[in-house]
Structures are given as C-alpha cells and as structure tokens.
Amino acid sequence: MQGGKLLTVFVCLVSTVALVNAGDPYFYYTWNVTYGTASPLGIPQQVILINGQFPGPNLNSTSNNNVVINVFNNLDEPFLLTWSGLQHRKNSWQDGVTGTSCPIPAGTNYTYHFQPKDQIGSYFYYPSTALHRFSGGFGGLRVNSRLLIPVPYADPEDDYTVLINDWYTKSHTALKNFLDSGRTLGSPDGVLINGKSGKVGGQDKPLFTMKPGKTYKYRICNVGFKSTLNFRIQGHKMKLVEMEGSHVLQNDYDSLDVHVGQCFAVLVTADQAAKNYYMVASTRFLKKEVSTVGVMSYEGSTVQPSSELPKAPVGWAWSLNQYRSFRWNLTASAARPNPQGSYHYGKINITRTIKLANTKSVVNGKVRFGFNGVSHVDTETPLKLAEYFEMSEKVFKYNVIKDEPAAKATTLTVEPNVLNITFRTFVEIVFENHEKSMQSFHLDGYSFFAVAWTPEKRKNYNLLDAVSRHTVQVYPKSWSAILLTFDNAGMWNIRSENWERRYLGQQLYVSVLSPEKSLRDEYNIPLNTNLCGIVKGLPLPTPYTI
C-alpha cells in the first residue's frame, strides 16, 4: 500500500468514487500534508495544510465504509494523523498515535485503511505527533447512517461542520520549545470558527447559508488545545440530536458548552427574519474571556447581523447542570457494536475499578503531568509493535501505574505508562481532578457510559440512559466516573485532551490482549506498516488465523 507512481495515479482517479463489491464499499483519498501561510488572527503565520486547505478537508463517510487515505508527509519532521472517536474495531494499527504506529518520516507516505464499523456520528481528525495540532492539520469527520437504518429526525436541508478551537499565533515548533524548556503556554491568543476569526461589524463573508423555513444540521466540534468553548447562534435555538456517535433525547438549547475533544450535532431551523446572524464561540473558565464570531446568512440576505451578541453563561455549575440534561435516546435505531448489551450496562457486574488522579510535579526543573504519579514518555519503538513482536520487556514494563493513586502523591516517575486490562471485562474508571481547572479526557478504541460527575455514592450513578461517548469532562475539584466493557483488543490511548498536559505526560496506554490470538478478536499487522526502533527490518511474526 506504499505510495508509488501507479498507486498515486489510481488513488487520484478514484478519490471520490466508491468501488462496490460484494462487501462494504471502498473510498480512496490522497492527502498531501504541507506547510503554508495563513492569518487566522490577522497575523501571518505558518500553518499545516492538507491538500492546500486549512482546516483540512471534511471526511464524509457512512457506517461500515472502507476508507483508504494515502497520506504524503511533505513536512520537515515525522507526522501522524489520528481519527478521534473512531473505534477501529480489532484494528488499533490504524489509530494513528505514537504508541501504536511509527510516525510517517518526512518526505514519505503511508496509507491508512480503516472502517467505521457499526458507528455513526460526528468526529474529527488531527495530528497526534509533537505539537503539530497547534498549527492545523485537523478537519471534520462524519459517519452517516446507512439508508436502511432510520435516524430519529427528518433529513436536514444540508449538513454543516463547525470546528471551533482556541488558537496561538506562535508556530508549533516555538510552542514545543516552550514546553521542552519548562515554560507553560499561557492563555490562547484567540478563538477560531472553521479556521477564521471574525469581528462584530466587520465585512466577514458568511460561513453558512440557510433557506428560510428549512432545517439544517450543524456538527460542532471543539478541536482546540485547552479551552472549553461555549457556542451559540444569535436568535436561534439549537436542538441537540447526537453526541459523539449517540442519538440523544432532543432538547432545545440557547448555547452549548463544548469541552475539548467533544462533538455535538444540532438542528437549527431558519425561522427568524431573513437577515444575517452571528455565531459566537467564547472561552469558558479562563480568567479572561476570549471570543470570536462567524456569520450565518439567510439566502439572499444583505442585512448585516445585529451587534448585540447573546451572552455566555457564567460559572461551572451551569455547565454541569446542562450536561446532566443530556440523555441517551434508547428508542432510536443506530449502528452500535453491541446492541443487546448496550441498553443494560447498569446491570453488568463491575469487575475492576481504576481511579486516575491528576498529578503535577517538577522533574529535573521542568513541569510534568501524569496519572497516579506516573508521567508517560513516548518510546522509539511503538508500544504495540514491541508487544506484537514479543519484545515488550525491552521497551516498557506493564502496570507501573496502580489502580488507585497514592495518598497525597506529589512526585512523578517518568517512563512509558502501560496498563493491562483483561479482555472483555466490565470496568469502572474514575477520573479525579484535584485542581481548580476544567479537565477533559479521551479513550481511543471505545465508547463508554459517563455515569457520574460529582463525588456521589455509586447508588446515584445514572445506570439507565447515560450517553455513550468517548470524551468526558471533569469539573474543578471533582471527578467523573465511566463504565465500559473492554471488548476491543489492541493498544489504546487514554489521554488528557489538554494538549499541553498530554504532551508533558498526562496519558497512558491500555493493553487489551485476546488470549486466543485469533482474527475473530484482532486483525494482523498491516503489510504496509512502517517498522522502526528495535523491530525495524525484522520479519513479521506468524499471522493470526481464525
């Protein structure tokens, strides 16, 4: 699958054509990753482009499609893309993080092949290497329902992707140097909507256009680095219909707090006077609010938006109460890996509880972050490759992290952080946040049920209709509990969605091994996999069979 002349020509010819065989259809894409110059906040700066676009192109798929993307890395350093929210069932090889894959060397290419198996919903992709995400390379990723599976609302007139994020004017290299030298990044310089920052009263072109009386779907994703963002539309209600792959009970909201790494899908009806309106995205829980606007236009309108913007909510209690109002839609049809067990997660016996507490400390004069006293560091040989080649002991140790944090732990051990979890066990994970800042955490390879958000007893957990999702926020001086079955064999990343903290060690990997070593549970290593570190040049192990 490595890119040669023949493959490149073939991919270009069929980049948007489905090849339908007896199985699921295939879609092919070629993505060229380059540097470019843009002025998101009015100041020219280096950004990362995909096919000349900032943000990158929207990736539009349908449940069970085969997506094949040939990525050419034209940067001056190694690069990877990860697909946030896609579960890659039995296939952590395609997850695109440094614990599972060797980065794509500069000047070369790699072909991803993945399938959003039994998934629908709103997601995004982004660079997982170094701090490349701070310069772009991210874009929207949607997975539509197959035509045979109804959705619990009428087809919208159109489907729009809204990427909101905080932003820094310094390059990813400069920001990385800050962190490597022990400095912090500080507050962001601005906020973007789809790569742009608007001004009230400016001459900004509309980002979206609506026909009067029609209803549109907006997929809103916080692709930022550290800031919760509140999103609202002047004069319009938003009907929430989906969160990170799950249909939800449909309630109307004036504004939504979107935490880092989270995606919401809402329906907006053009039922107001036919003119232009502002969309607003503003930071939450920072000392100084930073905001931006983007224009939403009614078709044919030349009337400028009102300068009076809807106000943002105040305080984290408002945010918590809003989040408690989100409920899974148990009557909706949807693709899901385990439709029988999914509805009854509250009746499954918990076999293990893992408590992960924030740890912050100074190591060798520099700030580091971690979980339970362990700060993760990437290895030259990806963890999954070392495990697959049965050379783990030369790269990392399992279970250096304990299931509970030590009392008042203030020191950090810096080493690869890999936790063993038994295949197909039902586990409770509690994220403990002892700091005064909002946190957000993500788990690759799975969806989980976020059942509690404040220090309450287990009897108060929502064991009926918690939303199945992959990212959860943790409020200041609080905790969040999640429940899930670890039934997806592979090596999977648990990480802070605050990218500064993640880069400085607040992440770990979960090794979920199938004792059968069977293709029923996990796919073999792809033949085009880049090998690096101690496995470079080695023959591939004996492949799994049925």
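Glycine is treated like the rest: Cβ placed from N, Cα and C.
Feature list (source: TrEMBL):
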| type | residues | note |
| --- | --- | --- |
| DOMAIN | 32-146 | domain 'Plastocyanin-like' |
| DOMAIN | 158-300 | domain 'Plastocyanin-like' |
| DOMAIN | 381-516 | domain 'Plastocyanin-like' |
| SIGNAL | 1-22 | signal peptide |
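Averaged across the domain 'Plastocyanin-like' (381-516), pLDDT for the predicted model comes to 94. Applying DSSP to the domain 'Plastocyanin-like' (381-516) sorts its residues as follows: 17 helix, 51 strand, 68 coil. Each residue of the domain 'Plastocyanin-like' (32-146) gets a DSSP state, and the totals for helix, strand and coil are 7 helix, 52 strand, 56 coil. Residue counts of the domain 'Plastocyanin-like' (158-300) by helix, strand and coil are 9 helix, 71 strand, 63 coil (DSSP-based).
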